[in-house]
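Visitor: From TrEMBL, for reference:
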| type | residues | note |
| --- | --- | --- |
| COMPBIAS | 521-545 | compositional bias 'Basic and acidic residues' |
| DOMAIN | 85-545 | domain 'Major facilitator superfamily (MFS) profile' |
| REGION | 1-27 | region 'Disordered' |
| REGION | 519-545 | region 'Disordered' |
| TRANSMEM | 83-107 | transmembrane segment |
| TRANSMEM | 119-138 | transmembrane segment |
| TRANSMEM | 150-170 | transmembrane segment |
| TRANSMEM | 176-197 | transmembrane segment |
| TRANSMEM | 209-234 | transmembrane segment |
| TRANSMEM | 240-259 | transmembrane segment |
| TRANSMEM | 301-319 | transmembrane segment |
| TRANSMEM | 339-360 | transmembrane segment |
| TRANSMEM | 381-401 | transmembrane segment |
| TRANSMEM | 407-431 | transmembrane segment |
| TRANSMEM | 452-469 | transmembrane segment |
| TRANSMEM | 475-499 | transmembrane segment |
Amino acid sequence: MAQILNEPSIVQTKKPRQQEQHGQSEADCAASIRTVTTADHYSNITHLQTQVSNTHDAPIQPYTSFVEVPDEVYDRLSDSRKLVIVALLSFCSFLAPISSTTILSAVPEVAATYKSTGTVINLSNALYMLFMGVSPAVWGPLSQVYGRRWICIITATLFLLCSLGTALSPNLASYFIFRILTAFEGTSFLTIGASCIGDIYRPTERATAMGWFLSGTLIGPAFGPFIGGIIVTFKSWRVIFYLQTALAAVATTGAYFLLPETTHHKKSDELIGLPIRAKARVLWSMLNPWRVLRLYRYPNLIMVALASSSLVWNMYSLLTPIRYILNPRFHLTTPIQSGLFYLAPGCGYILGTFFGGRYADHVTKTWKAKRGGVRVPEDRLRSCLPFMGIVIPTCMLIYGWSIEKHFGGVVLPVIMMFCQGVAQLFCFPSVNTYCLDVMQAHGAEVIAGNYIIRYLFAALGSATVLPAVEKIGVGWFSTVSAAFLVASSLATGSAVIWGRKWRDGVDAKRRAKRGVVRMEMGSKDEKRKEHAVVDGKKGKEDGNV
């Protein structure tokens, strides 16, 4: 009970006999990553505590946020099975982001349907981003408690229903509501997908898989407007959401049949046997969204969140205003023509998928070898610094000012968008994988916190880009985005240099705090014992009298 109340980080392996006791069939056991045929081979690491219990009956254990998981944990699925899982997760991750941008090419048509304006419809996209930022605080802890598989299946089903509701929306209010609900469900794919990759791949292999997974999250926003442009040119904008509903049906079916449970330990197992009131209290401590934000006591996580935020801000501030900026600039008249511009960053994302994650893993292995086999999570961040601090800001400046000052024709901004797409795939795998590496036992919650910050900035970018461009021009707005990227790269560089020191400092404070609590509780126990002895003596004396 003491361990449960303190939310210990446990790497747990269950034997087939234990699973049969819970009523699982042999087929279910074979399909679950939590079934370990090599359990006897490393039974000595069945329970790996990483927190200090603050109760008097538990042994004192050192607290550390960074714990290496034994290699055997990652050998429980074949390489081909892992590839199927990554492909499925990448497809699922494609859905929520593509929904955020597919409608961009159809904003004037949606506004006309509901007798509104483009600014109001773009506000719905900003709210979409906002709720994409809020929901990871729910899905991250839920996937830690109940596992990845069923949370993914449930949210995929709800995403399907909300997409259909958006397509059928009779008025602007219902359109806004279903868009918000779709965003809330869709972000679970991003949080759970990244967590699954952390569950099944070693840290030195993880960024390559993460690159393929993230290709869905980035290609979706880039190709979405092109797809939307084609649809809205020939059909109603509602067809966009009918297509989204069909894709969600494919994701739901795939998740049900192809996604095993990947988590090493479901926290819900710790609730077995507890009284109802105690179970409710412990469950709330596990699911409390505040636990996600509480991780930001670690400065290194703040720096990496800023890096992610600058990249997403840049992406959405680049993609959102294309129809309103490039159509007038190059005298384009149809949605499909402006949609072609979105293909440039999309092709860049595809090309970057093949190299970005591999480069991040290469840098990790190189620095691990330099350190004599010791892996420091912050070393991975070195791979993204030149792209975040130099390449993307330079491309953004050239893109913005070429449009503002009318030089370079169509070719120059297209090349800059393509280069940005490639460079972002050298940044995102590094940043996302770091979130899994640095706190393995809380990977889903760290990823959730990172998505919260980044999509809040995406919402801010989507909401402000059009008014800002109208007020200060696309050149100066691009300059602001470039400055944000440079500042974020400096913050990430500081995490590379001092991140390990920051982590150790926070861990030391947490150890000290838990030690004080333990001493106080021990003191209270001693006082209770003393009172009991005194009362016993007094009672004995009274009896003798």
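From the backbone N, Cα and C atoms, a Cβ is placed for every residue, glycine too.
In TrEMBL, annotation is done automatically, which means it is predicted and not curated.
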Visitor: Determine whether the transmembrane segment (240-259) and the transmembrane segment (301-319) share at least three Cβ pairs under 8 Å, counting only pairs 6 or more apart in sequence.
Guide: no
Visitor: Let me spell it out: take the transmembrane segment (176-197), skip the flanking residues so only those 6+ beyond its ends count, and list any with a Cβ under 8 Å from a Cβ in it.
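Guide: Same-chain residues near the transmembrane segment (176-197) but 6 or more away: 85-86, 89-90, 92-93, 95-97, 99-100, 124-125, 127-136, 139-140, 143, 148, 151-152, 155-156, 158-159, 162-163, 165-166, 169, 206, 209-210, 213, 217, 251, 259, 262-263, 432, 435-436, 443-444, 447-448, 451, 455.
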Visitor: Are there 3 or more C-beta pairs under 8 Å linking the transmembrane segment (150-170) with the transmembrane segment (475-499), counting only pairs at least 6 apart in sequence?
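Guide: With fewer than 3 qualifying Cβ pairs, these stretches do not touch.
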Visitor: Mind checking which residues reach the transmembrane segment (407-431)? Cβ under 8 Å, same chain, six or more beyond either end.
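Guide: Distant Cβ neighbours of the transmembrane segment (407-431) are 207-208, 210-211, 214-215, 217-218, 222, 304, 307-308, 311, 314-315, 318, 326, 330, 341, 344-353, 355-357, 359-360, 363, 380-381, 383-384, 387-388, 391-392, 395-396, 398-399, 450, 492.
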Visitor: Six or more residues out from either end of the transmembrane segment (381-401), which same-chain residues have a Cβ under 8 Å from its Cβ atoms?
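Guide: Here the qualifying positions are 207, 304, 307, 310-311, 314, 318, 359-360, 362-364, 367, 408, 412-413, 416-417, 419-420, 423-424, 426-427, 430-431, 434, 474-479, 481-483, 485-486, 488-490, 492-493, 495-496, 499.
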Visitor: With pairs fewer than 6 apart in sequence excluded, do the transmembrane segment (301-319) and the transmembrane segment (150-170) have three or more C-beta pairs that lie under 8 Å?
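Guide: Contact between the transmembrane segment (150-170) and the transmembrane segment (301-319): absent.
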Visitor: Quick one: do the transmembrane segment (452-469) and the transmembrane segment (209-234) reach 3+ CB pairs under 8 Å, ignoring pairs fewer than 6 apart in sequence?
Guide: no
